[in-house]
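So the structure is just underneath, and the comments pick up after that.
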Amino acid sequence: MPGIYPKIIINFKAYNEGFGHSAHNIAKASEFVSEQSGVLIGVAPSYMEIHPISKHYEIPVYAQHVDAIEPGAHTGHILADAVRHAGAIGTLINHSERRLTLADVSGAVDAAKKANLQTVVCTNNIPTSAAAAAFSPDFIAIEPPELIGSGISVATADPAIIEDSVKAVKNINSNVRVLAGAGISTGDCVKRALELGADGVLLASGVVKAKDPEEVLFNLVSKI
Ligand SMILES: O=C(CO)COP(=O)(O)O
């Protein structure tokens, strides 16, 4: 599946609803809505769910983080090759809840690329987006931390950060796709983010904590 780029990625984080039966429900709904709408939806579950989800569902699966390490004597680290072997096609790097130094972002991007994983580097502002673009990841995901989990959409609360990140990133490397994230939960948010120049969205609570994830997913793709 490398070379296939989702328009929507759902980050399961470490939510209670992000593992076990409910993780499968979200993955199954993502697969169904992708098939029905033609809009590709990827998921970033916990490490333990990467293998079962990638085995059972025809959707792109991402890790939430990999470490900047080569195979070898590293206890308690996340190896990009192991993530790939488990069935992930890519990984988030530098999420707001898993921040790295710039050197470690660079190292993690290199490690992921060597393991043939797509890279989604998360950033919190425009200068960081520009810096991360220089590493030529597949995606940059701009997510203002203060809006993450707030239910307030970045697309309406801070449209300039999307527009300006897209400009900054494409200025440095026009091949890097930009995702917008934080507070995205409806088709209108997705539509607005795409109008502002984003190639897609990264979201979590709007789907993961929803009573009916499938209904939310159908709504998310409804205006694309
Ligand atoms: O951090 C996020 C996705 O990685 C955004 O989280 P919310 O969609 O819950 O705001």
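From the backbone N, Cα and C atoms, a Cβ is placed for every residue, glycine too.
Automated prediction, rather than curation, is the source of TrEMBL annotations.
For His95 (active site, electrophile), the same-chain residues 6+ apart in sequence whose C-beta sits under 8 angstroms from its C-beta are Asn11, Gln64, His65, Cys122, Glu143. Taken from TrEMBL, the feature active site, electrophile covers His95.
Glu143 (active site, proton acceptor) falls within neither a helix nor a strand when secondary structure is assigned with DSSP, and so counts as coil. The active site, proton acceptor annotation in TrEMBL covers Glu143.
According to TrEMBL, the feature substrate binding site maps to Asn11, Phe12, Lys13, Ile148, Gly183, Ala204, Ser205. According to its DSSP assignment, Ile148 (substrate binding site) is coil.
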> Do you know which of the binding-site residues Asn11, Lys13, Ile148 end up with C-beta under 6 Å from ligand 1?
Replying inline: Asn11, Ile148
>> Over all pairs within Asn11, Phe12, Lys13, Ile148, Gly183, Ala204, Ser205, the annotated substrate binders, what is the largest Cα to Cα distance, rounded to whole Å?
In response: 14
